[in-house]
Amino acid sequence: MAGCNSISKAPPSWFSQCWSSARRTKTLNFPFDTILAANPSDGLVRRLGLFDLILIGVGASVGAGIFVVTGTVARDAGPGVTISFILAGVSCIFNALCYAELASRFPAVVGGAYLYAYSAFNEITAFLVFGQLMLDYHIGAASIARSLASYVVTILELFPLFRDHIPSWIGHGGQEFLGGTLSINILAPILLALLTVILCWGVGESSMLNSLMTVTKVVIVIIVIFVGAFEVDVSNWSPFAPKGAKAILTGATVVFFAYVGFDAVANSAEEAKRPQRDLPLGIIGSLLICIVLYIGVCLVITGMVPYNLLGEDAPLAEAFKSKGLKYVSVLISIGAVAGLTTTLLVGLYVQSRLYLGLGRDGLLPSIFAKVHPTHHTPIHSQVWVGIVASILGGLFNVHMLSHILSVGSLTGYSVVSACVVTLRWKDKAPSQVSSRWTSAWQEGVICLIIVACCGFGAGLFYRYGASIVFLVVAVVIAVLAAAALYLRQVYTDPPGFSCPWVPIVPVVGIFFNIFLFAQLHHEAWVRFVVLSIIMAAIYAFYGQYNAKPSSDDIVIYQRAPAEATHIH
């Protein structure tokens with residue numbers, strides 16, 4: 001096609017131009033210790049230390065779910081729910097190690113999974129990843145705001161003045177109209193507006209609130225574990241796996257989402273004081289803290305009450321009430337409010353930073369790239385995120401959309417794992433790779449796609465109870481693809497933190513992520529396809545014409561401390 005164009009001098013077709021633009025990558029090869037801010041007021045400010053980053057990760061992950069999910073899954077898995085959380089935690093560690101490497105590799109730039117996909121693959125992949133993540137974040141923020149409103153009303157109703165005097169349209173559920181299509185909730189948008197104002201005010205102020213709330217909920221969880229430990233009857237742990245290993249594995253697929261949130265640390269890159277050192281520690285440290293807390297709660301709740309007697313809605317609170325410890329159930333409600341507040345706060349924070357990154361790169365209007373000169377926050381992006389969440393949370397029963405969530409997280413994690421593998425290929429000398437039927441890069445990508453397809457196939461076979469033979473075949477093919485990646489590619493060590501055992505760790509992460517993708521409701525698969533088509537159309541008619549992939553064309557980032565970002 002290029003030859004024909006050069007002969008006829010005809011301009012390239014719209015499709016060929018779009019295809020060429022879609023394959024552009026973002027080059028970030030400047031040394032971070034020499035990045036200077038031409039105008040510091042145009043950028044974000046580095047105010048977050050290691051402790052702040054760890055609390056952001058914990059704040060994003062540990063919500064009210066710790067008081068609910070542990071008990072509901074235990075009803076099926078029995079005391080073996082502890083193993084479910086361990087398996088899910090180990091799986092998340094694979095993802096966290098990949099995030100840690102890339103956060104260390106690109107420590108000075110906001111963007112997270114979107115940025116990594118832009119650098120490792122191409123523009124269209126990055127834009128699609130952004131779209132899937134953003135829908136998760138928007139629906140998730142609205143849903144969490146409604147849950148938070150309900151918990152706030154529950155606490156208010158502890159006082160006789162408010163008991164039975166707060167109508168449903170204020171906080172509990174919502175007042176339904178048009179056959180349930182609309183569900184009015186007043187408190188959720190008010191809470192979202194308050195958090196949006198705090199986030200616009202400054203990262204220091206929002207980080208302080210997150211730290212306070214996160215420490216509060218972690219202390220409450222530790223109190224719950226400590227008090228509950230004295231009420232444990234070890235006989236309740238037998239039988240340990242009443243419904244067998246499959247129930248434990250199914251439980252692991254459910255509780256996996258309780259850990260989602262550590263990636264928020266990676267999106268704090270541009271505001272971290274020592275990003276290359278602290279981002280990997282923050283990602284992995286916050287995940288390990290969450291694993292320990294979840295395991296502690298699992299052991300306590302299954303030891304206090306026989307698994308088959310656990311409640312449905314508030315199993316942990318009911319377990320303590322059954323032991324005459326009502327004050328602990330009040331603590332649990334306070335912990336739930338603190339947990340939901342931090343989850344919502346960090347979620348809104350991450351969304352605005354993603355919009356900021358796309359605004360800078362031209363894939364969204366430039367208004368999203370503006371940073372307030374005094375507060376050093378992306379106010380336009382933050383307000384937009386708050387408005388979208390307020391409309392969804394105030395007018396619709398978004399809890400009904402929960403079955404289409406998690407698509408963005410699972411696909412985003414899988415792409416990040418693939419980015420680790422592909423970015424390790426980029427620096428090798430051509431002479432190190434033998435001749436083959438296609439390029440080394442294409443062959444590697446094909447192997448990654450095979451692993452993902454095998455993960456989806458294995459997930460379907462497991463979900464619908466197919467013969468174990470099909471499951472084994474899918475796993476064997478994935479192992480062969482992983483072996484090809486290991487034996488036929490040359491890998492270099494990146495600067496900063498290095499994910500161990502590449503490509504094995506990323507490949508295992510991809511396989512399990514897509515395995516979980518296959519466990520989602522079929523409407524989630526439809527959502528993935530439809531949203532991908534919509535995002536591709538937006539890119540074709542807007543993004544390709546306005547994108548600025550070159551780092552020379554975008555904002556000059558504020559310098560991180562030289563000793564923290566020096567690349568050896």
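Cβ coordinates are placed from backbone N, Cα and C, and glycine is handled just like the others.
Taken straight from TrEMBL:
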DOMAIN    497-546  domain 'Cationic amino acid transporter C-terminal'
TRANSMEM  48-69  transmembrane segment
TRANSMEM  81-102  transmembrane segment
TRANSMEM  114-135  transmembrane segment
TRANSMEM  182-203  transmembrane segment
TRANSMEM  215-232  transmembrane segment
TRANSMEM  244-262  transmembrane segment
TRANSMEM  283-307  transmembrane segment
TRANSMEM  327-350  transmembrane segment
TRANSMEM  379-398  transmembrane segment
TRANSMEM  444-462  transmembrane segment
TRANSMEM  468-487  transmembrane segment
TRANSMEM  499-518  transmembrane segment
Fill in the blank from the handout: Beyond a gap of at least 6 residues from its ends, the CB atoms lying under 8 Å from the transmembrane segment (114-135) belong to 21-28, 102, 106, 351, 354, 357-358, 361, 363, 407-409, 411-412, 415-416, 418-419, 422-423, 426, 527-528, 531-532, 534-536, 538-539, 543-544, 547, 549
Fill in the blank from the handout: Per the Cβ under 8 Å criterion, with at least 6 residues separating them from its ends, the transmembrane segment (444-462) contacts 249, 414, 418, 421-422, 425, 438, 470-471, 474-475, 477-478, 481-482, 484-485, 488-489, 507, 510-519
Exercise for the section: By DSSP assignment, list the helix, strand and coil residue numbers for the domain 'Cationic amino acid transporter C-terminal' (497-546), in that order. Expected result: 39 helix, 0 strand, 11 coil
Fill in the blank from the handout: The recorded stretch from 182-203, 283-307, 379-398, 468-487 sharing the largest number of CB pairs under 8 A with the transmembrane segment (215-232) is 283-307
Practice task
Would you kindly check 244-262, 283-307, 327-350, 379-398, 468-487 and say which stretch has the most C-beta pairs under 8 angstroms to the transmembrane segment (48-69)?
Solution key: 327-350
Handout entry: Within-chain partners of the transmembrane segment (379-398) [C-beta distance under 8 Å, separation at least 6 from its ends]
Key = 137-139, 141-143, 145-146, 173-174, 176, 180-186, 188-189, 192-193, 195-196, 199-200, 348, 351-353, 355-356, 359, 367-368, 370-372
